Amino acid sequence: MDSFSSFFDSQSRTHWSYSTFKNFSQISPLVQSHLKRVYLTLCCALVASAFGAYLHILWNIGGYLTTFACFGTMIWLLSIPTYQEQKRVSLLMASAVFQGASIGPLIDLAIKIDPSVLVAAFVGTALAFACFSGAAMLARRREYLYLGGLLSSGVSILMWLHFASSVFGGSTALFMFEIYFGLLVFVGYMVVDTQDIIEKAHLGDLDYVKHALTLFTDFVAVFVRILIIMLKNSAEKNEKKKKRRND
């Protein structure tokens, strides 16, 4: 937790101004151009994911099959040489469609309960992504890369918790702990992965498809957790309203 708090402490000590937000002097023009391609590809992947969720709402295709297909296309993408650009972009979009279909049941539930929650969750995720990615860009190079090891440990903890709850049975409290802790971990990954992409680009790694896939994974992980939290809060509010009406 000290590592996470140091991120906010360092940002609070920085004198922010309008000129600060325009200061990308640490990022070379080549890397800035690379980041534009990464974020444009990420936006396209998010649109493809929304299309996948829409397909699930129409035909109920989301499930284990689309989840396995998502992971399969990701592995296939990463195994293809970078010069096969068009094929890799197509696989990224296919993976995004499968990902959208996989979380389609959750999105369908949100639409049935309260459609405004879905919009609020997406806007909240987009704002969090913009803020933390922007902070990573404006920070000193490699300043937060040390968090990578800590975040990897966090992912391991989440996997063991999920395994334990599957074997021994879970509880609502444990599930919500996984959700909130996972949200913290993947928000941290937004910062670390952004700085990692910038550093790799400075070293000559300009694979924008793989980098967009990394950020897409972070975005979806945060979005799903924010949506679950907001749905739970909305359901609790609806229950309280029903009790008041019955009383």
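Positions of Cβ are set from backbone N, Cα and C atoms, glycine also.
Since the structure is predicted, the reported quantities are computational estimates derived from the model, not experimental observations.
Marked as transmembrane segment by TrEMBL: 38-55 (among others). Only residues 6 or more beyond the boundaries of the transmembrane segment (38-55), in the same chain, are considered here, and those with a CB under 8 A from a CB of the stretch are 61-62, 66, 89, 92-104, 107, 197, 208-209, 211-213, 215-216, 219-220.
Look at TrEMBL and you will find 61-79 (among others) tagged as transmembrane segment.
Panel annotation: around the transmembrane segment (117-137), residues 7, 11, 21, 24, 27, 35, 107, 110-111, 144, 187, 190-192, 194-195, 198, 215, 218-219, 222-223, 226-227, 230-231, 234 of the same chain, lying at least six beyond its termini, place a Cβ under 8 Å from a Cβ of the stretch. As annotated by TrEMBL, transmembrane segment applies to 117-137 (among others).
Residues or ranges marked as transmembrane segment in TrEMBL: 144-161 (among others). With a cut-off of 8 Å between Cβ atoms, the residues of this chain six or more beyond the transmembrane segment (144-161) that come close are 3-4, 7, 136, 174, 177-178, 181-182, 184-185, 188-189, 191-192, 195-196, 199.
Taken from TrEMBL, the feature transmembrane segment covers 173-192 (among others).
The transmembrane segment feature in TrEMBL is assigned to 212-231 (among others).
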